[in-house]
Amino acid sequence: MVAKAVCVINGDAKGTVYFEQEDACAPVKVCGEITGLNKGQHGFHVHEFGDNTNGCMSSGPHFNPLNKEHGAPTDENRHLGDLGNIEAPGDGPTKVCINDSKITLFGENSIVGRTVVVHADPDDLGKGGHELSKSTGNAGARIGCGVIGICKI
């Protein structure tokens, strides 16, 4: 059974990101466009809570139900919400196209109802040596966010 979700991102960064998963064992395809980003890499994560009452700050930490350290999307040891970086061209919208086999739209670890956060700085993927590397990737301020919601199939 196919599952689809959507996230409308607001803040200094704005955009729409779509999620699609063919079944519970398939990777999730994440595609969309985001505007308002400076040229370069920006951390892109799923955070624990779908609460944006205090802007992006109330979305909590990265979604991490398995209690792992922060890492790259290809690392075995990573938060489920660690989707790495998106690359902004600086002269137009940033295209997002990620296939991730750790996140899911099904079951108890579903990302539906949680928040996507776009960060001001690059995610160092847990390898930067900064005190925040193993928790946030030292990705800086939260400049855009939105709650992931179920959408019509």
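Backbone N, Cα and C define each Cβ position, glycine as well.
The Cu cation binding site annotation in Swiss-Prot covers H45, H47, H62, H119. All chains included, 26 other C-beta atoms sit within 10 angstroms of the C-beta of H119 (Cu cation binding site).
Feature annotation from Swiss-Prot assigns Zn(2+) binding site to H62, H70, H79, D82; the stated evidence is similarity to another entry. Under 8 Å, Cβ to Cβ, and six or more positions away along its own chain, H79 (Zn(2+) binding site) finds H45, H62, F63, N64, L66, K68, E69, H70, G71. According to DSSP, H79 (Zn(2+) binding site) sits in a coil region rather than a helix or strand.
The disulfide bond feature in Swiss-Prot is assigned to C56-C145. Residues near C56 (disulfide bond) in space but far in sequence (CB under 8 A, at least 6 apart, same chain), listed by position: G11, H47, T115, V117, R142, I143, G144, C145.
In this structure, H45 (Cu cation binding site) is part of a beta strand by DSSP. If you take the Cα of D82 (Zn(2+) binding site) and the Cα of H119 (Cu cation binding site), they are about 12 angstrom apart, rounded to a whole number. The DSSP secondary structure for H119 (Cu cation binding site) is strand.
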